[in-house]
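Q: This is the structure, below, for whatever I ask next.
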Amino acid sequence: MHDGAVPVLDVRNLKTVFSTRSGEVHAVNSVSFDLRPGELLGVVGESGSGKSVTMMSLLGLLPSPPAEIRGGEVWLGDTDLLTLGEDGLRKVRGREVGFVFQDPMTSLNPVFTVGFQLTEPLRTHLGMSKTRARERAVELLELVGIPDARRRLGDYPHQFSGGMRQRVMIAIALACDPKVLIADEPTTALDVTIQAQILELVKELRQKLGMAIIWITHDLGVIAGIADRVMVMYGGQVAEHGPVRELFANPAHPYTRALLQTMPKIHGARDAKLRVIEGQPPVMGRHPESCPFMARCAHAFDRCARENPTRRDIGAGHDVACHWDHRTGEPVQDLAEVAS
Amino acid sequence: MFNYTMRRLLLAIPTLLFIALVIFLLLELSPGDPMADMPLTIPPEIREQMRLALGLGEPWYTRFFKWLYLFSVVEPSHVLASITGLENLAIDGQRIISFQTRSPVGDIIAQRLPQTLWVVGLSYLFGILVSLPIGIYSAYRQYSWFDQAGTFVSMVGFSLPTFFTGPLLILIFSIWLGWFPIIYDTTLVVDSWYDFALQMRQMAMPVFVLTLYNAAQITRFMRASMLDNLTQDCVRTARAKGLTERVVVLVHVLRNSMIPVITVIALGIPQIFTGAIITEQIFRVNGLGQLLITAIYATDIPMVLTLSVVFAILIVVFNLIADLLYAVFDPRIRYD
């Protein structure tokens, strides 16, 4: 779709490790991906698969200690964010990269007015005057569809409904016109009708403003409806990645295949049982040398315990990290890998 | 909010009347005789006349209502007169008389109040000023050496009673080192730098003892409250907006953390007026706390009753103030 364009965000071999009392946890293990201008990249995975931690690592939002970024590069334009200090990162947060978090009930500060929280990034990053920032704040609230925006600037978050608060969060994230918007399960805490409204809003804003979006979710339905490309994460690693149609049509990783089978169908037998993936998600990266999905995988064989698979290209912009070939149903012979 | 305040103030009246009645009845029931200090050579019939002169011959309800009238009308008029300087505001006639000193209770309290406010009030102020930054920084750098040291000191300050730290300081600084006087001299008039230095020296130990105790208490509150809020989602949002760490901690976290701390501070203010009974006793500061203790020893019923009810009023009023401050600092709270 956007092939050939220079990516706005290029993450290479990102490694984040948490030091705990019982040893190190490899929460993000050599994750690489890129994000092209105007594109929406969906990141899917179950709880604890490292989706959020990956995104938080990009901008140094994880408390350190216990988190430590062990390696990798995060190119935003032509700067490597990992080489910037805390001061440099701060200028990127909210300015170049906007964040929307999961729970709009708690992600706004309850004791400050929405206007104050919305004008903060404008005044910090763009040096706007108070009155100028308020004008811009009104524009932003109108942009995200909050009626009577000027009057509502003086309201506190508890005076807004959940969906309206998430709109406010989106307005804050978009305040400084960022190149990248990272939405970390922005609709998970909302009920279904509000979810649909927020999805529509994001689609519309994306067309209007043209920023690239990373959309983290565990809802495959949402991804299918909104994303250009999908990245499936499991155990702190990228399991599979590809254009959305291609990936949903030809899932290659046993985890993705299992995940798609768990989706309840509207059509089909009424007495069909809800499918689940047996077993528990792994304690992340305890054994970084073996495949994290091994214990729950129907196709696991001896090599999976010995060697953590690297991502290999299977055509059409689609790659998968698995020793098993979904097309032949046999172990992979050649070791063609994705060039990093 | 205005209606709420009015309603609370009106409700406070029956509450305080009830408190006054209970205190009065408790004092009635308690053993002790105001005449006990009088020489045994006084003949019984003279003794009886003296009792009658003190008003002790009348039934308890008559005495209670007379006291109530004097307390709520006559004494306030004298206080008002001395504050405004308008002598004719004061209502002439009978006042509440201390059995022990035979002078009006209101005047004695007015004499004692400055000492208490200076020593206890100052230590409360110092306590707040010291504890807020320590609590904030301790929580921000949780488990750092600063936090460990701060937590240890506040633990010690909180655990050690003032009747231990007081004599300990006297032993070290007055007896061994001889830096500070043991006894607080109330008659000292500060009109030169030399006297000012003397005043500072005699205030140093009692203020330190009480500051340690107050600071320990508030530090623990502040630290706990900060820790509660540092991990909130909205703090992560503030960081993700690219705000400086200073703004994140001192604006976003602190503002949320101050809500419970302000309440605790407001609720503690009546203690300034009640005086630190033990500390005043140890350092011989003749403030209100000491006044109450000596009045109890001497069965000075009007003094004990009046002081206790004044304290009760302060506690009721500052409870209301704490509740109102809560609403001021937390926009989610509305009293309608």
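Glycine is treated like the rest: Cβ placed from N, Cα and C.
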Q: When you get a sec, could you say which of B:8-30, B:261-283 is annotated transmembrane segment by TrEMBL?
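A: TrEMBL lists transmembrane segment for residues B:261-283.
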Q: Let me spell it out: take the transmembrane segment (B:117-140), skip the flanking residues so only those 6+ beyond its ends count, and list any with a Cβ under 8 Å from a Cβ in it.
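A: Sequence-remote neighbours of the transmembrane segment (B:117-140) are 146-147, 150-151, 154, 184, 203, 206-211, 213-227, 230, 249-250, 254, 257, 261, 265, 268-269, 271-273, 275-276, 279-280, 283, 285, 287, 289.
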Q: As a test: from B:152-176, B:261-283, B:303-329, pick the stretch that has the greatest number of Cβ pairs under 8 Å with the transmembrane segment (B:196-216).
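A: Ranking B:152-176, B:261-283, B:303-329 by Cβ pairs under 8 Å to the transmembrane segment (B:196-216) puts B:152-176 first.
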